[in-house]
Amino acid sequence: MANPSRQAVNFAAPRGFATAFKADCKETFFPDDPFHEMKHEKPLNKLKKTIQYFIPLFEWLPNYNLSLFRYDLLAGITITSLAIPQGISYAKLANIPPIYGLYSSFIPPFVYAIFGSSKHLAVGTVAACSLLLSETVGAKASPQDDPTLYLHLIFTATFFTGIFQTALGFLRLGILVDFLSHSTITGFMGGTAIIICLQQLKGMLGLIHFTTHTDVVSVLGAVFRRRNEWRWESAVVGIIFLAFLQFTRYLRQKRPKLFWVSAIAPMVVVVVGCLFAFFAHAEKHGIQIVGELKKGLNPPSIQYLNFDPQYLPVTVRAGLITGLIAMAEGIAIGRSFAIMKSEQTDGNKEMIAFGFMNIIGSFTSCYLTTGIYILLDATIYEEYSDIFFLIFEFAGPFSKTAVNFNAGCRTAMSNVVMGFCMMLTLLFLAPLFRYTPLVALSAIIMSAMLGLINYDEMIHLFKVDKFDFVICMAAFLGVSFISMDVGLMLSVGLALLRALLYVARPAACKLGKIPNSSLYRDTEQYPGSTPIQGVLVLQLGSPIYFANSTYIRERVLRYIKEEQGVSDSKTEIIEHLLLDLSGVSSIDMTGIETFLELRRILDSKGIKLSIVNPRIEVLEKMTLAKFTDAIGKESFYLSIEDAVQNCRFSLHSSKTTMEESLNDQNVV
């Protein structure tokens with residue numbers, strides 16, 4: 001007899017394959033539903049908005065005016081002053097001529113202004129990818145022995161980076177970036193900062209010969225083996241520059257309104273270093289300088305792309321790894337500031353923009369670029385200064401400086417201004433930087449990297465989650481003592497292993513009723529909750545697949561044994577098992593077969609199986625597999641309360657029937 005107050009479960013006909021597949025694809029690849037606003041538009045307006053979506057330039061340019069330009073002009077000039085010294089620095093880090101660092105800050109900003117969706121992001125070269133390219137490509141072609149081949153392979157790796165990023169963007173596979181967890185980024189960032197700082201000992205000490213390896217042991221070994229090349233003059237100048245840069249960082253933290261001092265500090269170091277090297281004839285005292293920088297804009301390089309099968313594996317590998325790191329960094333920075341401004345940044349559109357930047361850049365003598373700066377509004381900065389320090393030093397790993405100031409950036413036009421300023425630099429000012437001391441560039445890089453070793457965050461991970469700490473340390477130690485790509489793969493591998501463990505060993509808990517309410521909660525979390533006599537309520541909290549179905553069956557049976565006290569007891573305490581599937585998003589055929597097997601085992605024990613609140617995807621699979629017919633639609637419930645009430649009603653009816661049977665026997 002059914003409980004009359006029971007709410008009916010909706011056993012609607014399962015959706016067609018096309019409908020379900022379309023819904024799954026939309027949720028996977030278009031979770032932000034970017035075309036929702038165009039649904040009811042006229043065809044012409046829909047076409048216009050589609051073009052604006054894929055080419056954001058057409059969205060903001062028609063409404064652009066001079067009042068906005070004055071803000072973007074200041075922003076563009078500011079980021080140019082940062083891009084010049086650090087473009088030269090990171091080109092040296094990549095073991096390519098310094099002029100290519102300037103080239104890489106000319107063409108890409110124009111490309112990003114057209115295709116980029118963030119109006120607060122500026123683009124340029126980054127330290128981690130520069131070193132990673134040097135390490136990966138340098139293993140196949142020596143930048144010292146064959147610099148021409150090495151440079152051509154760098155362009156080719158940049159091309160493959162662009163192809164990889166663009167493909168992921170068009171295929172809406174931005175979810176791949178999510179596999180770089182917070183712990184992985186923290187460890188990778190810290191390890192990279194360590195090896196980049198150690199690499200700069202070459203410039204700080206004025207060494208001529210150095211190792212091509214990046215691990216800590218090799219670098220320190222090379223430094224101490226070359227003690228005869230150490231120049232105290234270079235070390236003194238480097239320490240002075242580094243102390244000045246660190247002082248400006250300290251000043252920024254103590255007095256946020258003076259953050260512009262830290263912003264212009266790298267350019268001050270370069271200018272002062274150039275003047276010092278020119279008037280003091282620094283070369284004669286063992287202080288190396290950048291050397292000749294030719295005037296002129298980017299020469300074409302498409303003809304230098306090298307697809308020789310001998311070198312193809314290394315360029316593809318370098319492109320994929322650096323592309324992933326560059327995407328993660330650029331998207332993280334853009335999203336961080338978008339959150340502050342209550343705006344939305346599309347990671348897939350950003351990947352397309354980064355991809356086009358690198359494809360076109362590889363054709364025009366540029367090497368890998370990505371998002372590097374957050375362009376700040378002055379009033380927003382003051383309000384969220386503490387949060388921005390965190391973004392600059394953590395969420396924006398390997399950025400060119402800790403702070404990039406502007407007086408109120410409004411649109412992506414700031415990147416256009418940066419491009420024009422860099423064009424003027426290449427046409428007229430580039431030769432002036434030939435006197436830049438290498439030790440000054442080393443000091444700039446070391447200053448930027450020192451703030452990226454986040455000890456506090458590592459300690460926090462250790463306190464909160466030991467496995468997260470292990471993932472972080474795998475990246476940190478792997479990058480520091482083996483290589484950057486191996487460290488990254490070790491950390492990502494551990495993170496994926498953890499995810500697989502979550503899938504293979506899903507969460508399950510026993511529910512009890514909270515007194516004086518209709519709520520059912522985990523009895524371990526809420527000890528005051530009361531169990532229901534004769535009824536065991538279990539909640540499953542993950543998809544049920546072939547990988548975890550056996551575990552789920554064994555875990556459910558173990559709950560029953562624990563509830564009954566003794567596994568071979570003849571007294572069956574449990575008469576009803578309720579499985580709450582509200583947290584189960586999907587199920588496969590192995591999972592359904594497991595439920596059928598579980599039902600047969602429970603039937604042998606005299607226990608009735610019931611299902612509570614299955615989601616539409618799960619219920620559809622169960623209906624198509626005839627599972628609902630096998631256990632009966634009356635065994636499905638809309639809520640735990642309905643199921644418990646019906647079970648109590650059933651228990652009461654069963655008890656009444658048993659008592660009547662005993663009375664009849666006594667009469668006889």
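In case you wondered, yes, glycine gets a Cβ from its N, Cα and C as well.
Annotated by TrEMBL as transmembrane segment, the relevant range among 119-138, 179-198, 499-518, 619-638 is 179-198. Within the domain 'STAS' (525-647), the DSSP-based counts of helix, strand and coil residues read 57 helix, 22 strand, 44 coil.
Taking every recorded stretch in 150-173, 230-251, 258-280, 438-455, 467-497 and counting its Cβ pairs under 8 Å to the transmembrane segment (179-198), the highest total belongs to 467-497. Long-range neighbours of the transmembrane segment (467-497) within the same chain, counting only residues 6 or more positions beyond its ends whose Cβ lies under 8 Å from a Cβ of the stretch, are 128, 131-132, 135-136, 179-184, 186-188, 190-192, 194-195, 214-217, 317, 321, 325, 458, 461. In the predicted model, the domain 'STAS' (525-647) has a mean pLDDT of 86.
Same-chain neighbours of the transmembrane segment (205-224): 131, 134-135, 138-139, 142, 194-195, 198-199, 230-231, 233-235, 238, 286-288, 439, 480-484, counting only residues six or more beyond its ends whose CB sits under 8 Å from a CB of the stretch. In terms of C-beta pairs under 8 Å, the stretch of 150-173, 230-251, 258-280, 352-375, 412-432 lying closest in packing to the transmembrane segment (438-455) is 230-251.
Tertiary neighbourhood of the transmembrane segment (150-173): same-chain residues 28-30, 94-97, 100, 133, 136-138, 140-143, 301, 304-307, 311, 314-316, 318-320, 322-324, 326-327, 348-363, 365-368, selected by CB-CB distance under 8 Å and a gap of 6+ residues from either end.
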